[in-house]
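Dropping the structure in here first, questions after.
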Amino acid sequence: MTQPIRDSLGRPLRDLRISVTDRCNMRCRYCMPREIFGPNFTFLPRSELLTFEEITRIAAAFIRAGVRKIRLTGGEPLLRADLPRLVAMLADLPDVHDLALTTNGSLLARYARPLRDAGLRRVTVSLDTLNPATFSRLADTDIPLDNVLAGIDAAQSAGFFPIKLNAVIRRGVNDGDVEELAAFARDNGHIMRFIEYMDVGNSNGWRAADVVPAAEIIARISSHWPIDPLPPRYPGEVANRFRYRDGRGEFGVIASITQPFCRDCTRLRLSAVGEVFTCLFAVRGHDLRSIVRSNTDSAAIDAALDEAITRIWSRRSDRYSELRALDSDGSREDADESEASAVPGRSTHPGHRKVEMSYIGG
C-alpha cells in the first residue's frame, strides 16, 4: 500500500474533498449571503469547470499519493448535471476506501437511489433546524424544509446508513434547536454533528460572540440524555463523538473554534476549476487544471500531477485555527510574525482574503 506523503508538520495526506460546482440553490447566511451572491454574481462558466474525466484523473493522482477517502461537495453538488456518472467513475478507482457526498438535501429525493447504485457509500446532509420558519430564514430560500427531510428519508431508503446530519449552530439564530435536532437524529437512526460557527471566507459577517461553544452543546445534550465519550475511529477525525448510554446512537461536535484540530488535519480541497487548497481558510490555491489540459502525452501529465501534489503537500505548514486561538487568548506575543504572515488565510494581515467556502466546499 502506498504510504501517504507528509507535510512540514508531519501530517499525512489521506482525504480529498472535491468541489464539483460553485453554485447553490440556497443562500445560507454563513456560506453564501444573498447580498453578495445575488442575481448579478458571476459564477464559474461551464468551460472552466473540470470535466468528470479530469476530476477522475486528478483523483487518481491523489490516490497514488496516499488518499483513501474522497468526498464530493459544492456549492450544492447535486446541481452538477449527471453527477452519478462521476460517482461511478470515482468508485471504479482502486484503493478508494470511502466515497461520500455532502449536500443540502433539497435534491436528494431525486438522486439518492442513482447515487447509491453508482457506488456512493455515504451521505451527509446539512440540517441546521427543524423549524420551517427558521430554516427559510437561515437558508434564505423558498425551498421548503420538507424537501430536505424527504431527501433524508429517500437516502435512508436507498441504503445509506447511518446518515450524518450537519448543523452549524449560531447564537441567537438556531441555538435553541440543539435538543430537537439531537432527538430527531436519535429517533431516526441518524448521526447528528453540531458544528461551531466558523470564520470561513470573508462574506459571512462572522463574530466570536455568535459562536456556541461545543462544550455548551455537549452539556445541554447530556442534561437530557446520559452520554459517554467515544474514541476516534481513525487518526485525524474532526468530530468529538459521544454515545447515548441508552443505546440510541451517537452524536458529534466539531469544535474548530474552541478546540482547533489543525495538528491532525489530513485534508486537501480541490475546487471545481482545479485549484488545490491545503486549508479551508486558505488565501490562494495551486493550479492543477493547466496540467491536465496541457498538450502532452498521458504519462507526462500523470508524472506532472504526481510531482505537483507531492510538492504542494510536503510544503504545507498552515494551521489557521490554532493561530486564531492563540491570538484570541494572547498566547502569541512571542510568536514568529513571519510564520503568521506565511500561513494562508491569516485575515489579521492586510490584503489577505480567504477563499469562500462555496468555492472549495466545507
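From the backbone N, Cα and C atoms, a Cβ is placed for every residue, glycine too.
Because the structure is a prediction, the values reported are computed rather than measured.
Swiss-Prot lists 8-228 with the feature domain 'Radical SAM core', giving sequence analysis as the kind of evidence. Look at Swiss-Prot and you will find Arg17, Arg71, Thr102, Lys164, Arg267, Leu268, Arg269 tagged as GTP binding site, backed by sequence analysis. Among the features that Swiss-Prot reports, [4Fe-4S] cluster 1 binding site is placed at Cys24, Cys28, Cys31, with the record citing sequence analysis. According to Swiss-Prot, the feature S-adenosyl-L-methionine binding site maps to Tyr30, Gly75, Ser126, Met198. Annotation source Swiss-Prot lists [4Fe-4S] cluster 2 binding site at Cys262, Cys265, Cys279, citing sequence analysis. What Swiss-Prot lists as region 'Disordered' is 325-362.
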If you count other Cβ atoms within 10 Å of each one's Cβ, which of the binding-site residues Cys28, Lys164, Cys262, Cys265, Arg267 has the most?
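By the 10 Å Cβ neighbour count, Cys265 comes out on top.
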Which value does the mean pLDDT take for the domain 'Radical SAM core' (8-228) in this predicted structure?
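In the predicted model, the domain 'Radical SAM core' (8-228) has a mean pLDDT of 95.
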Nearest by CA distance to Cys28 ([4Fe-4S] cluster 1 binding site): which of the binding-site residues is it, out of Arg17, Gly75, Met198, Cys262, Cys265?
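Looking at Cα distances from Cys28 ([4Fe-4S] cluster 1 binding site), the smallest one goes to Gly75.
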Through the lens of DSSP with three states only, how would you label Cys31 ([4Fe-4S] cluster 1 binding site)?
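DSSP assigns Cys31 ([4Fe-4S] cluster 1 binding site) to coil.
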Of Arg17, Arg71, Met198, Cys262, Cys279, which is closest to Cys31 ([4Fe-4S] cluster 1 binding site) if I measure between C-alpha atoms? They're all binding-site residues.
Met198
Tell me the Cα distance separating Ser126 (S-adenosyl-L-methionine binding site) from Thr102 (GTP binding site), rounded to the nearest angstrom.
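That separation, Cα to Cα, works out to 8 Å.
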Taking the Cβ of Thr102 (GTP binding site) as the centre, how many other Cβ atoms fall within a 10 Å radius?
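Neighbour count, Cβ to Cβ under the 10 Å cut-off: 21.
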Going by C-alpha distance, which of the binding-site residues Cys24, Tyr30, Met198, Cys262, Cys265 is nearest to Arg17 (GTP binding site)?
Cys265
Helix, strand or coil: which one is Cys262 ([4Fe-4S] cluster 2 binding site) in, per DSSP?
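It is helical.
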Considering the binding-site residues Arg17, Arg71, Arg269, which residue's Cβ sits among the greatest number of other Cβ atoms within 10 Å?
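Of Arg17, Arg71, Arg269, the one with the most crowded Cβ is Arg269.
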Using Cα coordinates, what distance in whole Å links Ser126 (S-adenosyl-L-methionine binding site) and Cys279 ([4Fe-4S] cluster 2 binding site)?
21
